[in-house]
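Student: First the structure, then my questions, so here it is.
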Amino acid sequence: MAKSVLLICFLGLVFAFAAADNSPLQDFCVAEAGSSVLVNGQACKDPETVQANDFSFSGLHLPGNKSNPVGSKVTPVTVAQLPGLNTLGISMARIDIVRILLVLEGTLEIGFITSNPDNRLISKILQKGDVFVFPQGLIHYQRNTGYGNAVAIAALGSENPGVITIANVVFGSMPDISVDILAKAFKVDKTVVSQIQSKF
């Protein structure tokens with residue numbers, strides 16, 4: 001019984017990702033509450049007023065009431081609950097089902113950097129049950145800031161996503177990026193670049 005319920009949940013997630021929207025036209029388009037204008041979702045909030053809370057949702061750690069005929073409760077995290085999801089073509093949900101237990105642990109510092117010319121850091125400390133969305137294509141990070149293990153679930157908009165670790169790509173490429181190019185890009189002496197490249 002539990003295996004068939006898991007299969008149904010998995011298939012629901014597969015179909016949800018298969019129906020994703022097209023790529024956004026800008027870094028992010030945080031939904032503007034109350035606007036009647038629709039642009040590939042909802043109208044965009046002024047980017048200068050965007051804050052970390054626009055990309056965060058708290059409460060996924062709270063159990064849903066399963067005492068109903070279906071024996072489950074879906075807690076959605078869509079653009080209605082998380083404005084930063086607007087135009088990203090993804091969403092997620094917590095599904096509470098009898099006999100299945102999901103535990104997320106730890107504390108994470110997360111953040112992303114907006115594109116040039118601002119390069120603004122938007123960051124937040126996440127606790128158990130919090131959700132954060134990274135706008136597509138922007139440099140981002142996460143760091144365990146607690147004393148124990150941190151566990152997180154990531155929802156991705158691809159069936160085969162890649163990972164780009166910036167230091168590995170820049171300093172560990174094969175063949176190496178020219179020391180001259182990296183020294184100029186990072187505004188450091190060539191010996192510094194050579195020393196960093198030797199670690200990869």
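Glycine is treated like the rest: Cβ placed from N, Cα and C.
All annotation found in TrEMBL is predicted automatically rather than curated by experts.
Remember, predicted model here, so these are calculated numbers, not experimental data.
Residues annotated as signal peptide in TrEMBL: 1-20. The disulfide bond annotation in TrEMBL covers CYS29-CYS44. The domain 'Cupin type-1' annotation in TrEMBL covers 58-194. Taken from TrEMBL, the feature Mn(2+) binding site applies to HIS140.
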Student: Can you check how the pLDDT averages out over the domain 'Cupin type-1' (58-194)?
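Tutor: A mean pLDDT of 80 is what the predicted model shows over the domain 'Cupin type-1' (58-194).
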Student: Can you tell me the CA-to-CA distance separating HIS140 (Mn(2+) binding site) and CYS44 (disulfide bond), as a whole number of Å?
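Tutor: Taking the Cα atoms only, HIS140 (Mn(2+) binding site) lies 22 Å from CYS44 (disulfide bond).
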Student: Just how many other Cβ atoms lie inside 10 Å of the Cβ on HIS140 (Mn(2+) binding site)?
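Tutor: Result for HIS140 (Mn(2+) binding site): 15 other Cβ atoms within 10 Å.
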Student: Relative to the Cβ of CYS44 (disulfide bond), which residues of the same chain, six or more apart in sequence, are found under 8 Å away?
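Tutor: In sequence order, GLN26, CYS29, VAL30, ALA31, GLU32, ASN86 meet the Cβ cut-off.
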